[in-house]
Amino acid sequence: MTENCSSEQTARAQEIARNLDAVRARIEQAARVSGRSADAVTLVAVTKTMPASDVNAALVHGVRVFGENRVQELLGKLPDIRLGEGQCAHLIGHLQTNKVRQVIDKVAMIQSVDSVHLAEEIDKQAAKRGLRMDVLIEVNIGGEEAKSGVPPQDLPALLEAAAGFPHLRVCGLMAVPPVCADKEAVRPYFRAMRKLFIDIAPKKSDNVSMHILSMGMSGDFDIAIEEGSTMVRVGTAIFGRR
Ligand SMILES: *Cc1c(COP(=O)(O)O)cnc(C)c1O
C-alpha cells in the first residue's frame, strides 16, 4: 500500500462513488420522464474547492467531464489530476479576457462566453495555438444584475459575431438560473432557456452548431432534464457541501 491508498482516502473515494451512483440514478429517472435516454445527458462533475484526489476519485468512477469555475484553481490542480482517455475539463465560471491565454489549451470547453470581447480573445488565443475552442454562450436567463451571462435579447447579436470567429465553435447555451426557495419555481427559467435554444438552433453556420443545453445543478437538475437539458453541472450532490 502506498500513502495514497490510506483508508481515509479510500473511504472518501467510496463516498464519492456512492454519490455518483445516486446522481446517475436521478439523471436516468428524469431522462425517462422526459422520454429520453440517460445517454442524452452529460454529467459534468463540478469540483471547485475540492482537492485533486476527489477529482481523481470521480474520474476513476467513470466521470468524463469535470468542471472548474476559476482558472487559477484549475491550473493549480491539473498537475495532480489523472485524465484518462476521453476525459477532460470544462471551464464553467466567469472568464476574464486576460486569463484566456492561460486556460485555452487546458480545457475542452469554455461554457461561460458572454461577450463579443471574450469570444474575440478566445478566437485569437486559439488561433495562436492552432486549435479550435468549443464554447457555450452563457445566458443570464433571470435578468439578474449581479450575474454574468448575456441578456436573452442580446443573444442573437452575440451568436452572429461568434459565427465570424473561425477558431471558435459555438456548441450551445449555458445558464445559471436564479436561486429559488421552491424547487418548482425554477422550472419556467429552464423552459425559457429551452425555447431560446430551439429558436436559435436553425441558425447554423460553420462555427455554430447548437446541440448542448447546459443547465441544472445539484438542487434542480432533475427539473432541468425534464425541461430539455442535455448537460448538468453537479457539485454538492457528488462531493458534499463546500
Ligand atoms: C458551483 C457551480 C455548479 C454546481 O453547483 P452545485 O449546486 O454544487 O451542484 C454548477 N454550475 C456552476 C456555474 C457553478 O458555479
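Residue numbering: from 1, along the chain as shown.
Cβ from N, Cα, C; glycine included.
TrEMBL: automatically predicted annotations, no manual curation.
Marked as domain 'Alanine racemase N-terminal' by TrEMBL: 19-240. For the domain 'Alanine racemase N-terminal' (19-240), the mean pLDDT of the prediction comes to 96.
In the three-state DSSP assignment, the secondary structure recorded for K48 (N6-(pyridoxal phosphate)lysine) is coil. TrEMBL lists K48 with the feature N6-(pyridoxal phosphate)lysine.
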For K48 (N6-(pyridoxal phosphate)lysine), nearby residues of its own chain (Cβ under 8 Å, 6 or more apart in sequence): G67, E68, N69, R70, E73, G93, G235, R242
